[in-house]
Amino acid sequence: MGDDFLCDGPIMSDIPVLDTRPPAGLSPGGVAAKKLTKRIRRLTGQAIVDYDMIRDGDRVMVCLSGGKDSYTLLDTLLYLQRVAPIDFTIRAVNLDQKQPGFPEHILPNYLAELGVDYEVIERDTYSVVTEKIAPGATMCGLCSRLRRGILYRYAREQGFNRIALGHHRDDIVETMFLNMFYGGRMAAMPPKLLSDDGDNVVIRPLSYCAEKDIEKFSRLSQHPIIPCNLCGSQENLARQNVKAMLAEWETADPGRSERIFRSMTRIAPSQMADRDLFDFAGLTAD
């Protein structure tokens, strides 16, 4: 699963060991690895330009969960910061929600070695969620609201005007189908949106990147992954079902997920059925 909205690490205390070996057929410094890195950087840069995500002088807060997506996002933005024709600042921010078993040393050690500006915010939202939510019920709604409130407030107080999240193309497509199947509406994750409090612009620079590329890049980079097991809640199970469906489609028809995403950028309101987007009532023959 990709980094959920402002997701910040596992809730389950039983943290499995992930395979961090280089992908088969790819070796660090090899031609294929260089092509992969170049593709991720190019697509990220293109998304930033297409949606005007980052401007000169922006202060970007990168939400880092310890998953493959947010590590890749941070690495790629740090590279673009060095080569872009504009100046912008970056701070990596992690929210330690005090989940039992959370390996709190991993991110500080990694970020300090990387030499990047960072901060770990410590808030015991885990106890709040487990106290208020009945056993077996989904924790996602309350947990997400608490995370958003804390991180939005931090961004506002620290003067950050961009909040960067690690969602990728597959996350966006999955979310569209989740909303269709379980919410009865067509909506996904926009590459750029105004935050709930109206004070920040939320950006998703990896919107054009495929999850399979991000996974390979992260393994090549040997990122110290903190698995995001969360709570096995209904929302995550539903997302896994949609992910499995899309994977089956992709196997039968390679490139289908990319075409679905592309269709989201080429909507024809007159060919849909939303009366708020198109004036069907005013449509008459001359």
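Yeah, the Cβs are placed from backbone N, Cα and C, and that goes for glycine too.
Worth saying up front: this structure is predicted, and the values here are computed from it rather than measured.
Now, the feature entries from TrEMBL:
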type    : residues               : note
DOMAIN  : 60-219                 : domain 'tRNA(Ile)-lysidine/2-thiocytidine synthase N-terminal'
MOTIF   : 65-70                  : motif 'PP-loop motif'
BINDING : Cys140, Cys143, Cys231 : [4Fe-4S] cluster binding site
Taking the Cβ of Cys140 ([4Fe-4S] cluster binding site) as the centre, how many other Cβ atoms fall within a 10 Å radius? 20
Secondary structure at Cys140 ([4Fe-4S] cluster binding site), reduced by DSSP to three states: helix
Neighbourhood of Cys143 ([4Fe-4S] cluster binding site), C-beta criterion under 8 angstroms, separation at least six: Gln97, Thr125, Val129
Compute the average pLDDT of the predicted model within the domain 'tRNA(Ile)-lysidine/2-thiocytidine synthase N-terminal' (60-219). 92
Number of helical, extended and coil residues in the motif 'PP-loop motif' (65-70), per DSSP: 3 helix, 0 strand, 3 coil
